[in-house]
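As structure tokens, the structure follows; a few thoughts come after it.
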Amino acid sequence: MFILRVHSVDSERPISVEEEESGFTYASKRAQPPLKLIQPSLKLTDRKGLIHLYRKSSHSSLPNPSSRSTTLFIVAVPNYLSSLDFIRFCDSRISQVSDILFIRNDGMEDRYSVLITFSDQSEADGFYNNLNGKKFAPSEAEVCHILYVMSVEHTEFDEVAAEAPTGFTELPTCPICLERLDPDTSGIVSTLCDHSFQCSCTSKWTYLSCQVCRLCQQQDEILNCSICGKTENVWACLVCGFVGCGRYKEGHSIRHWKETHHCYSLDLRTQQIWDYVGDSYVHRLNHSKIDGKSVEMSTSCLSHQGDCGLCECSEDTGISGAIFNSKVDSIVIEYNDLLASQLKGQRQYYESLIVEARSKQESSIAEAVEQIVVNTMQELQNKIEKCEEEKSGITEVNTKLIKEQDTWRKKAKEIEEREAALLGSKDEMITDLQEQIRDITVFIEAKKTLKKMSSDTDGIREGTVLPVPISPEPVSSVRRQKKSNRRK
């Protein structure tokens, strides 16, 4: 049973039958009867969105009565069929349909999908049995693929639509990619041709919007991993078309599965499909090594190349199984021994690389330290020489200043002595002048007295002369006498 999630980018729009009939359609090239079987209660709507198709991880073959529902999903309808052309394709089985929703994707203009809801389970089963696997047009290659849908969810968020429900895995919506999957995986029971991507049928398909189909048709181009660019062991995701290298290279393909949970990947060289969840191949067809033709692939076959003589699906399962198990055991032992020896060699090799790297690191560190020490010593030596030059200059200046200091000291002492002598001579001169002034003053006063006495002669005549006591001669008079003598 399938679950459908639609990332809607707009709301549902009703479709007018009259407007559709007035337009040009692919079917209008031929004479088509008018649409008289459409019930008035039929709801025809159109919507744009991106479809995500999910199926239960525990696969089971179809048809299965317990996995039916009244909602059917047509995977891919070619765009040359208009809405009314598709209704004409359904013919009289459209009478019991209650709702038809056409889902279109702007990124896939060559096809659209259809969601049909029936009012009765028997009518849904009849529609499925009569139209599933039928060509849309006799001259075209496209086949109608119908799936039973358990539930349909519409969301405006791409993250919600792209997240797989618990226990479900996402399937591609391209019909060719679905047909190449195992029936237990895709839910498509049969196919009209092998779709080996080299037959004329594939070239007539118009689904060039499928990235995987374009990659398979580009036989002349060299395909490479979209992450690392490797050209060997390249795989393509069936759901989104991501191209990555296998697990024996950089493992970008399996990394993509872990990130997006898109578990189906196509080997672009062998056209084989691998299921990462089931850890096995799930492709419907395999190419024979002998004649290059496509042969049916058993789902229980364990061999990569589809050679059932080496696995449990052969006729004699007991003997073949024992032989296969013994071969597997011997190969496992051989590869374990080889792996152990290789790991030991790799360990020794990487240990030697580590030792060499450490020695190189230590030598480089020692050289760097030595260079730093040399540079530091050179800088210190330059500073010492500069300081010594400054010291010698300062010493010379200091010596010169000391000499000048002694000279100025002598000059100052001489000046002090000269000033002291000059001051002494000035003091003596001042003292001498003072004594002279006093003498002159005494002389003048004595002269005045004598003049006065001369005018009064009578008093002198009647006077008495008395003796005057002799006093020691003052030093000043002695000095004056010396000076007077000196002057003489």
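Positions of Cβ are set from backbone N, Cα and C atoms, glycine also.
What you see is a predicted model, and the numbers here were worked out from it, not measured in a lab.
These features come from Swiss-Prot:
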ZN_FING   174-214  zinc finger
ZN_FING   208-301  zinc finger
BINDING   C225, C228, C245, H252  Zn(2+) 1 binding site
BINDING   C237, C240, H256, H262  Zn(2+) 2 binding site
COILED    370-418  coiled coil
REGION    453-488  region 'Disordered'
COMPBIAS  465-478  compositional bias 'Low complexity'
COMPBIAS  479-488  compositional bias 'Basic residues'
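Annotated Zn(2+) 2 site C237, C240, H256, H262; additional same-chain residues within 8 Å of its Cβ mean position, judged by their own Cβ, are L238, V239, G241, F242, W257, T260, S265. Here the candidates are the binding-site residues C237, C240, H262. The one whose C-alpha lies nearest to that of C228 (Zn(2+) 1 binding site) is C237. Other than the site residues C225, C228, C245, H252, same-chain residues with C-beta atoms no more than 8 angstroms from the centre of those residues' C-beta atoms, the Zn(2+) 1 site, are N224, S226, I227, G229, K230, V234, G244, K249, E250, G251, S253. Proximity of C240 (Zn(2+) 2 binding site) to non-local residues of its own chain (separation of 6 or more, Cβ distance below 8 Å) is seen for Q211, T260, H262, given in sequence order. C237 (Zn(2+) 2 binding site) falls within a strand segment according to DSSP. C245 (Zn(2+) 1 binding site) and C237 (Zn(2+) 2 binding site) are 11 Å apart (CA-CA, integer value). Reduced to three states, the DSSP call for C228 (Zn(2+) 1 binding site) is coil. Recorded residues C225 (Zn(2+) 1 binding site) and H256 (Zn(2+) 2 binding site) have their alpha carbons 12 Å apart, per Cα-Cα distance. Proximity of C245 (Zn(2+) 1 binding site) to non-local residues of its own chain (separation of 6 or more, Cβ distance below 8 Å) is seen for C225, I227, C228, K230, E232, N233, V234, W235, G251, H252, S253, given in sequence order.
Taking the Cβ of H256 (Zn(2+) 2 binding site) as reference, residues of its chain lying under 8 Å away and at least six apart in sequence are, in sequence order, C237, F242, G244, H262. Counting every protein chain shown, the number of other Cβ atoms lying within 10 Å of the Cβ of C225 (Zn(2+) 1 binding site) is 21.
Ranking the binding-site residues H252, H262 by C-beta neighbours within 10 Å puts H262 at the top. A count of other CB atoms within 10 A of each Cβ picks out C237 as the most crowded of the binding-site residues C228, C237.
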